[in-house]
Amino acid sequence: MTKLTYIAPDGATFEVEAEDGSTVMENAVRHGVPGIEAECGGACACATCHVYVDEEWMDAVGQPEAMEEDMLDFAYDVRPNSRLSCQIRVREDLDGLVVRVPERQG
Amino acid sequence: MKEAIRTDVLIVGAGPVGLFAVFELGLLDLKCHLIDILDRPGGQCTELYPEKPIYDIPAWPVISGQELVDRLMEQIRPFEPQFTFNRMVAGLERLPEGGFRATTDEGEVFEAKVVVIAAGGGSFQPKRPPIPGIEAYEGKSVFYAVRRMEDFRGEDLLIVGGGDSALDWTLNLQPLAHRLTLVHRRAEFRAAPDSVNRMLALKEAGKLDFRIGQVKALEGEDGILRGAVVKGPEGDFEVACTRLLPFFGLTMKLGPIADWGLNLDENLIPVDTERFETSQPGIFAIGDINHYPGKLKLILSGFHEAALMAQAAKRIVHPHEKVVFQYTTSSTSLQRKLGVTR
Ligand SMILES: Cc1cc2nc3c(=O)[nH]c(=O)nc-3n(C[C@H](O)[C@H](O)[C@H](O)COP(=O)(O)OP(=O)(O)OC[C@H]3O[C@@H](n4cnc5c(N)ncnc54)[C@H](O)[C@@H]3O)c2cc1C
């Protein structure tokens with residue numbers, strides 16, 4: 001199990017134990033993290049599971065692929081550390097990962 | 001008030017479930033008119049995943065979202081459904097003499113004996129970009145869609161986005177605009193490469209500006225726009241503009257359905273599983289928008305709901321006709337309706 005921390009816009013934190021292979025979006029939805037809408041259910045088709053990866057974790061998480069970069073064009077308030085959480089797979093070396101939920105998804 | 005368009009059944013939403021309802025209602029001689037805020041049929045299938053494969057449509061081992069919609073359109077063609085696109089159903093009221101009156105956001109009026117809400121996750125509505133105070137300019141200087149191109153003639157346009165809508169409107173409005181600037185957050189585009197090349201050619205020819213960046217503030221007063229401040233890779237810059245068109249895709253919002261006097265349960269409409277009727281007799285809800293014990297948000301389930309709903313709708317529209325259960329395979333009367341036999 002890998003520990004993930006979500007920080008809501010109001011500062012509330014949610015710590016969850018995630019199974020490797022699942023996505024950061026799926027764990028947010030399962031644990032009711034507010035602000036992750038995931039309208040398309042994880043198909044990289046809607047940009048409503050947008051998160052900001054904590055600066056310290058950006059290298060470990062890596063860069064989005066072209067399809068995700070395209071979809072990020074439709075996300076709200078995109079920054080250099082923006083990712084779609086349905087495209088981040090949980091794995092051992094992400095243990096302790098921190099992501100922030102934007103103020104809105106659109 | 002505009003003159004009412006009359007139909008047997010008004011269907012709110014032209015997603016896959018609304019489309020298939022036309023078929024089931026058509027077999028029972030009910031005429032349908034569908035209204036959707038999108039500019040084409042298909043709901044989520046065409047808007048969110050036209051090219052993605054679906055594997056759980058019975059007898060189609062694999063079919064893409066767009067292909068499913070194309071096949072549904074072909075299947076319902078014999079029933080001559082009427083469509084009104086680019087319109088949101090804003091109001092719905094019961095008429096004292098029976099039946100319903102619906103109005104759109106542009107003031108069109110529809111009267112129907114039965115209403116079927118097949119609104120899925122709600123109206124697809126444009127996403128608002130994170131620009132402080134943008135609401136004050138909406139409808140005056142900021143538009144999320146182009147309904148009449150002429151409205152933009154002679155204006156200084158700022159178009160924001162990198163998808164097909166942003167690029168298509170850049171190309172279509174460039175000849176009309178006094179000046180046009182396209183702003184996108186990066187040099188790559190998700191829009192069709194051909195459109196991007198045409199835009200770049202216009203830029204080379206000095207006919208439009210393309211700048212990389214994100215709009216962070218608007219300047220103007222009383223909803224009248226004068227310019228925008230853009231955060232670019234090398235710092236902020238200003239773009240003089242009188243109209244802003246942001247294209248950041250669509251998101252589903254329940255919208256006016258909440259005001260129609262229906263019982264709602266967390267943005268879903270509870271229905272019974274025999275008729276799929278709402279708390280208001282004569283108003284049905286099928287597909288992703290409804291809820292009942294065991295509900296699955298699947299296209300397959302929506303199709304089943306459409307078939308049962310149609311039986312109940314028939315009894316309302318033609319109360320004195322006896323409904324005989326028939327198969328399309330063997331009933332000549334059904335086949336005549338489908339135009340496959342004479
Ligand atoms: C990425 C993705 C993959 C999917 N894969 C599958 C799959 O493999 N199998 C499966 O069975 N399902 C799948 N689904 C779910 C499936 O797409 C939905 O169940 C289906 O689209 C529901 O159809 P619907 O007609 O009820 O609603 P929708 O498709 O949501 O259509 C509703 C329409 O109503 C319109 N509308 C709403 N309110 C108004 C209003 N007031 N005025 C005007 N128009 C209005 C909307 O604009 C929309 O076009 C998937 C969904 C997504 C996003």
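Numbers here mean position along the shown chain, with the first residue as 1.
Positions of Cβ are set from backbone N, Cα and C atoms, glycine also.
TrEMBL lists B:Asp36, B:Gln44, B:Tyr49, B:Val89, B:Asp288, B:Thr329 as FAD-binding residues, and of the candidates B:Phe124, B:Phe247, B:Phe248 the one it assigns to that same site is B:Phe124. Those binding-site residues from the list B:Tyr49, B:Phe124, B:Asp288 that have a Cβ under 8 Å from chain A Cβ atoms: B:Tyr49. Proximity to ligand 1 at the level of Cβ atoms, with a cut-off under 6 angstroms, picks out B:Asp36, B:Val89, B:Asp288 from the binding-site residues B:Asp36, B:Val89, B:Asp288, B:Thr329. For B:Asp288 (FAD binding site), the number of other Cβ atoms no farther than 10 Å from its own Cβ, over all displayed protein chains, is 26. Candidate binding-site residues: B:Gln44, B:Thr329. Fewest other C-beta atoms within 10 angstroms, B:Thr329.
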